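Read through the structure below, which is laid out as structure tokens, and then see the notes.
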Amino acid sequence: MVRAVCVLAGSGDVKGVVHFQQQDEGPVTVEGKIYGLTDGKHGFHIHEFGDNTNGCISAGPHFNPESKTHGAPEDAVRHVGDLGNVTAKDGVAEFKLTDSLISLKGNHSIIGRCAVVHEKEDDLGKGGNDESLKTGNAGGRLACGVIGLCQ
């Protein structure tokens, strides 16, 4: 079993912790709690770089080693880092999801990359414009953190 953790922080009140775990070559379970969000859906992605020296903007674009367009987690064509949306109620998004494209090892490893929660709902690449195919029109980056291995 491989485990990883990400502590999310931003310039505002948004913060949280996300845990990742993977058994052998199986899917990755992603479980987290993010506080300080407005109610509703917020895009949640893995970005290419583990760099937050200039805030979350330093994390770069979505993790996309196969040069595909943005999509929903269940789509055949998507960025590896496209994990869809988390939904906040009373300011808190508590979620558990499973993804078969990200990994904690190998070519699709997310270790050392940033997880980012966005200000708006991810349109899952179905917004009908160029930005939708890049970012899902998810808007600004509210909080981010580097994903690291843990016990």
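Any Cβ shown, glycine's included, is placed from N, Cα and C.
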Checklist line | Swiss-Prot annotation, disulfide partner among C114, C144 for C56 | finding: C144
Checklist line | Close recorded positions near H47 (Cu cation binding site), where close means Cα within 10 Å, chosen from C6, H70, D82 | finding: D82
Notebook entry, point to check: Cβ-Cβ under 8 Å from C144 (disulfide bond), same chain, 6 or more residues apart: which ones?
Noted result: L8, A9, G10, H47, N52, G55, C56, A59, C114, A115, V116, V117
Check: Restricting the comparison to the binding-site residues H45, H62, H70, H79, H118, which residue's C-alpha is spatially nearest the C-alpha of C6 (S-palmitoyl cysteine)?
Finding: H45
Next item on the list: State the count of C-beta atoms found within 10 angstroms of the C-beta of C56 (disulfide bond), not counting that atom itself.
Entry: 24
Next item on the list: Could you check which of the binding-site residues (H45, H62, H118) sits closest to H79 (Zn(2+) binding site), going Cα to Cα?
Entry: H62
Check: Which of the binding-site residues H45, H62, H118 has its Cα nearest to the Cα of D82 (Zn(2+) binding site)?
Finding: H45
